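Colleague: One structure follows; several queries about it will come next.
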Amino acid sequence: MASASCLGLVVLVAMASAASAQLSSTFYDTSCPNALATIKAGVTAALNTETRMGASLVRLHFHDCFVDGCDGSVLLADTGSFIGEQGAAPNNNSIRGMNVIDNIKTQVEAVCKQTVSCADILAVAARDSVVALGGPTWTVLLGRRDSTTASKTNAENDLPPPTFDLQNLTTLFGNKQLSMTDMVALSGAHTIGQSQCRFFRDRIYNETNINTTFATSLRANCPQSGGDSSLAPLDTATPNAFDNSYYTNLMSQKGLLHSDQVLFNGGGADNTVMSFATSAATFNSAFTTAMINMGNIAPKTGTQGQIRLVCSKVNS
């Protein structure tokens, strides 16, 4: 009987822990009712200055969540005590938008002192960016707290490089409890944004599962030697509109990155790509579900971590 009571207590404690780790769409309703409007205004201003920033903010949230969970760690600059994620190979001279998040954080701090985390700002800014570019909306769950450290090594281990094949991608996303459908849907964020020549050079010169005219058109701005930072849109059809043309491009062998085209190359993701290419509504539904799932990766909640005052550094 005593052991049964003990077991019951363990179960109750476990349930309480799980409950405390739950995010909530109403987390700031009382503590900072103007938080979401303030973030949206900051995103709108940034995209009015540079449309590409929308894609950069979505990517920043993705790169945050995949490394030690959605905890704002990607925003931390290196310190004497740790080497952060920004210098990791997938991020170095590539991720951008940290200044926009810093600006939004300053505005949020002005309305609610040390209440809204940088991790939550990233999650909301990603949603607002998608909506601003014509994509679907979703309810962002909130209540994440910010990390007090970051790891370059973890970023290099956990972020998918553009050279990955389907099996590598499936495994990596699966390690984050994301399904193949989630993976294909999240890849659809490549309907916006641009990539640097250094990430697609090998594909346009050496791969065969690529539309010849498409490859030729890219070579002019991406020579075999030099021009590493030259940009090309990830979706040449509608580069600044969040839609499902990314998947139509894949079916025409016009995926810019190797890791794009492997999603439609005779493998297990082909049917999902065809489904998304055929129906924008199907893609939008899968994308919003996948973004919520990704936003739920290992959040710090309760008394874990902290609410940073400045997103680029831990509170002193």
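Positions of Cβ are set from backbone N, Cα and C atoms, glycine also.
Keep in mind that this is a model prediction, so the values were computed, not measured.
Pasting the feature list from TrEMBL:
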SIGNAL    1-21  signal peptide
DOMAIN    22-315  domain 'Plant heme peroxidase family profile'
DISULFID  C32-C112  disulfide bond
SITE      R59  site 'Transition state stabilizer'
ACT_SITE  H63  active site, proton acceptor
BINDING   D64, V67, G69, D71, S73, E85  Ca(2+) 1 binding site
DISULFID  C65-C70  disulfide bond
DISULFID  C118-C311  disulfide bond
BINDING   P160  substrate binding site
BINDING   H190  heme b binding site
BINDING   T191, D235, T238, D243  Ca(2+) 2 binding site
DISULFID  C197-C222  disulfide bond
Colleague: Which entry in the list of recorded positions, V67, C112, has its Cβ near the fewest other Cβ atoms, using 10 Å as the limit?
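Modeller: Selected from the recorded positions V67, C112 on minimum Cβ neighbours within 10 Å: C112.
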Colleague: What are the sequence-distant neighbours of C222 (disulfide bond), meaning same chain, six or more residues apart, C-beta distance under 8 angstroms?
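Modeller: Listed in sequence order, they are C197, F200, R201, I204, S230, A232.
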Colleague: Hey, of C70, C112, P160, T191, which of those recorded positions are within 10 Å of D64 (Ca(2+) 1 binding site), Cα to Cα?
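Modeller: Taking C70, C112, P160, T191 one by one, the ones whose Cα falls within 10 Å of D64 (Ca(2+) 1 binding site) are C70.
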Colleague: Using other CB atoms within 10 angstroms as the count, which residue among the binding-site residues D64, D243 scores least?
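Modeller: Counting other Cβ atoms within 10 Å of each of the binding-site residues D64, D243, the minimum falls on D243.
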Colleague: Between T238 (Ca(2+) 2 binding site) and H190 (heme b binding site), how many Å separate their Cα atoms?
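Modeller: Spelling it out, the Cα of T238 (Ca(2+) 2 binding site) and the Cα of H190 (heme b binding site) are 11 Å apart.
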Colleague: An 8 Å radius from the center of the D64, V67, G69, D71, S73, E85 Cβ atoms defines the neighbourhood of the Ca(2+) 1 site; name the other residues of that chain inside it, in order.
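Modeller: The answer, listed by sequence position, is H63, C65, F66, D68, C70, G72, V74, A119, S147, A150, N154, A155.
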Colleague: Considering only the recorded positions C32, R59, D243, which fall within 10 Å of S73 (Ca(2+) 1 binding site) when distances are taken between Cα atoms?
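Modeller: Cα filter at 10 Å returns nothing.
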Colleague: Can you figure out which of E85, H190, D235, C311 (the recorded positions) comes closest in space to C65 (disulfide bond), comparing Cα atoms?
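Modeller: When the Cα distances are compared, E85 comes out closest.
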Colleague: Fewest other Cβ atoms within 10 Å: which of the binding-site residues S73, T191, T238 wins that one? Let me know.
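Modeller: Sparsest of the binding-site residues S73, T191, T238 by Cβ contacts within 10 Å: T238.
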Colleague: Taking the centroid of the Cβ atoms of T191, D235, T238, D243 (Ca(2+) 2 site), which other same-chain residues have Cβ within 8 Å of it?
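Modeller: Result: I192, A237, P239, A241, F242, N244, S245, Y246.
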Colleague: Here the binding-site residues are G69, P160; which one has the lowest number of other Cβ atoms no more than 10 Å from its Cβ?
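Modeller: The binding-site residues G69, P160 were compared, and P160 has the fewest Cβ atoms within 10 Å.
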Colleague: Between E85 (Ca(2+) 1 binding site) and the residue listed as 'substrate binding site', what is the CA-CA distance rounded to a whole number of Å?
Modeller: 14
Colleague: Taking C65, C118, C311 as the disulfide-bonded residues to compare, which has the smallest set of other Cβ atoms within 10 Å?
Modeller: C311
Colleague: Within 10 Å of the Cβ of C70 (disulfide bond), how many other Cβ atoms can be counted across all chains shown?
Modeller: 28
